[in-house]
């Protein structure tokens, strides 16, 4: 290829100069805010330490991975999964270090379920004896495990799964059998190609002396499914990968059917449930087991990670739109004024800056959930279950809201970058595709809001039915206060007072809670007729928590200097007021916000964006997301956007090594090869 | 593989029975509505005729294409592009037939720009002599052409492009030269690997007798860029494909740099502009050329196609969620009630049904725009340019709104299907990825709304400045009426009267138009400070047009039977009221809707959805989208959802022919192959 392009430079002003200027003109320190965000758990030190090791590995270079076929892409993921596990051995990494490595490599690893749901379920549901047998094998990766619950026809409704585990008293064993095609396990990660063991959820059926069967609902079995030598499925088991998906193509999501497959009595995880091998009788604890706790932990992590993912998209969008210039100011009096940075347009700011604010809110909220989980866990160990239902409900509401915000937000950031946002150089393609699983997994975002709403209705019932009594429950107390004053206008100063802004969110939550309580409890309306209202109620709770946590985190952070705090407070206000604006009428109707404030909102939001704008680059820098993770020409720290786009296209793109034959009358595709179209299809 | 799965059936009720029942219980006829939608231009007959031919071609089977690497995926697209062109020869297809084939095969073809922008530009901007020379070659595909305008640093702002075409009086030729890296052409489809010619937009620079250069802005040149024998770029030209993207990976979007590349005087397309070869003087027509017309036509097509794309997503979502069952009704008194269809939940309806309604609205709107374009074109040919600015502005507003609705809507449909919506069996993966280009191409959706707003402000100025005069302009008359009554409350009955509902949209448009006029014209605010308001104004116009056109199309359709019309009217109401709900406060503030109506909206919307629900399957059937185009296990006409998902996974997935070595201590990836991870990377 000719080398004259090597002598060309991008037009002025160039990216590095622009970013240097952006960084210098803002008085806030990215370093200071970064420490404020991450100092609590050594995140930044861990990131730096692990990153240095990963960047030495050619196998972990990301530049070409989007070029691969599904089969090769998966092979690469397997190779990387093995390498990272070996690096763990070599460098003596903790579990957190190992997870950091996967976060930075940034692809779902086909080994993921082994150390997650497989191991966790053994820890939580296996008896001590079972743990003594299985855990050493799991920790050493002598076996590879997965978690098989969801089926072709049932996901959300776990009670509806069809796979059966029938107890055979003769041989004192269980028989796993899939009575229908829809009983096939489906979606189970790590199982499609990798695992040789799995936790298998199956409906336990015990024979009755009278002749029939009685079902005891889904129970967990630990089952070997593949041969340890040949790695082929055992007789009576059919397993495979379900195929390409929207994202997560480095994961081997499985199908799995059983044909009268026999497993021993010891396969039933029996920390809490038991089938007596002699009598075939079933026993379980009187109180339902508290498994919500770990789900809350998982969701706290999801919310925290949602913040990181959104910050990543915002980092790319802010840096690129600060560099990108397009159009002169049409009202400028200077005839030769230079083109404006795209980030200076309010139509770009309105899309990117509230999402940057949201990333901070999600970060603080994830952390608050994690602390809440820790506290509640401690309480549970002391026998106090009071807060369990609250944090389970809240975690449903937050998981739903936060993953939707991030899934939508990544795409908004991507689109804010115009054409180049659609190109592979954005670094947001795989992020977007993979992240879009999140609104569905761990509880569909439109389904689990019922759990949050259900809890809130209970609290409103308690408040309404005992409105004059003293109560310790914070939510009940707030609802009581609302009920006493709901005919008045609270008169919150949402534009002038940050606490009032939070109070307006709480007032609106209480108002929606009361309406829903009135519909369901007082007027006995059918649950399914109220689903939209329940969803709104859950969203209102999550938004209120998000906003309050944002403000509280800023107020309680002693380490923040006044200029940094003021900019972060502006972000808080921008996010809160953007939400108010989107739901203006709802806030108005219940009196949480007055008309004069709503009418002033557009100008206020625009003024906040103008105040935040000069600090935007430093604000995204404060997230300290390394270039290796961003993998983005548009979002590079040094601003060499156009050079990198050019380099990727001119030097790295394998398609440019193929010369085509464009003549449609000729079957040949690659010039001089004689290869026809059918040759490509027959490759698969 | 074991064959016991072949004997398994899905659980009851099965998909085919469910869909049969859905189709029978609704009294409306999909056939009737289908004819109503498509009869005007023989669309359905063409679809059937072309489809029969395509389905015989093994190369056009879609089942495995998502498995391929980028290079192979592109090769396949080239092979298909050639095949379809050959089929055109064989079957004597018209241009519409040829386009139908591409619509059904459903991938951007690498030949796309040749018959579109390349040919169109020659038709519009080449002189008669130039056309006589070039058109026969183009029609015969003796040459393959592309269109190179956008550059690395400039897209929206065409005036900012950097590529130069300097006139050399000595040799009477132009010299194309890229002075910077950012002057590289970028994004130009069909050019990266396929084309040997291109329309090249370059800044024309003519030497001054005084020694300097004078620029005459971007002009179009027709340029040979590759050798017709070797298909390699000519000396002084660097061309290649820019790499993988979010979608459109079957298109070879290009980069292209010129290094003092000489082209003849005849390269400048000279229907309207001219450089005198003897004197080097430039001439152009006194009036700017009316090129808006064809852009409106392109946009009409984009809006119409947005309807088809959204209908396709809605077809998949409605059929699948009608079949999918999950959870029993918790308020049911029957202990053994069966699980509910997911589409019976209002939380699913609220996502899918307004989008189904939107598909109809987009369809009617695209058709109305096309008629508008035809009328305006006839007027222009008679020398009447009065409507040109109106339809150009409106087409900007509609392109922006409609492609955003569809891009967002496809994803909403996909997510409404939960887990299986994330799987490849949805048939929406490539549609989503490819469609996401639309909000950016042909004018970025957040940028072009300024064009619409600018026109509306002019009309409001006219209305305000001559409010008592008689005027022919429909929009001015409406604005005058608004100005006369804007202190009154119009009292529209938006819940009871369809015409009033449309009137409330027009009232809100007029109100926003007045506010914007007041800010810009009266108070002289800076244009760039008003961008968000301008965007809202454009959206309001587009929404008003969409809603009115929907209603008018139903009222004026004589062929619709009363039951069908009533269901379609419900769809109209659902869409309109959903928009009102989303912007409640805006409608309230200007008096277009009253509080009592807003408070009644949630119940009204839910009631409408309940009325539409029984007809949902027939309504999507009426779009007559063939299974071949859907390529969806979830959306198949016959409802065999689970069988198809199983078949794709169990029989077709090539990953299941690879047995992996899961031992992390062992470098080997494929069991027994000895192949390591680096072997995969080194393939590229």
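Quick reminder: no glycine exception, Cβ is built from N, Cα and C everywhere.
If you look up TrEMBL, you'll see B:442 marked as active site, proton acceptor. Other C-beta atoms found within 10 angstroms of the C-beta of residue B:442 (active site, proton acceptor) number 18, with every protein chain shown included.
TrEMBL lists B:150, B:189 with the feature FAD binding site. Taking the Cβ of residue B:150 (FAD binding site) as centre and 10 Å as the limit, one finds 20 other Cβ atoms among all the protein chains shown.
According to TrEMBL, the domain 'Acyl-coenzyme A oxidase N-terminal' annotation covers B:32-144. For the domain 'Acyl-coenzyme A oxidase N-terminal' (B:32-144), the predicted model reports an average pLDDT of 96.
Residues or ranges marked as region 'Disordered' in TrEMBL: B:1-22. Here the region 'Disordered' (B:1-22) is broken down by DSSP into helix, strand and coil counts: 12 helix, 0 strand, 10 coil.
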Ask   = Reported as an integer number of Å, what is the Cα distance between residue B:442 (active site, proton acceptor) and residue B:150 (FAD binding site)?
value = 11
Message = Is it possible to get the count of other C-beta atoms within 10 angstroms of the C-beta of residue B:189 (FAD binding site)?
response = 25
Key: Residues of the domain 'Acyl-coenzyme A oxidase N-terminal' (B:32-144) by DSSP state, where helix covers H, G and I   = 87 helix, 0 strand, 26 coil
Ask   = Out of B:150, B:189, B:442, which recorded positions come under 8 Å of chain A, measuring Cβ to Cβ?
value = B:150
Ask   = Per DSSP, residue B:442 (active site, proton acceptor) is which: helix, strand or coil?
value = coil
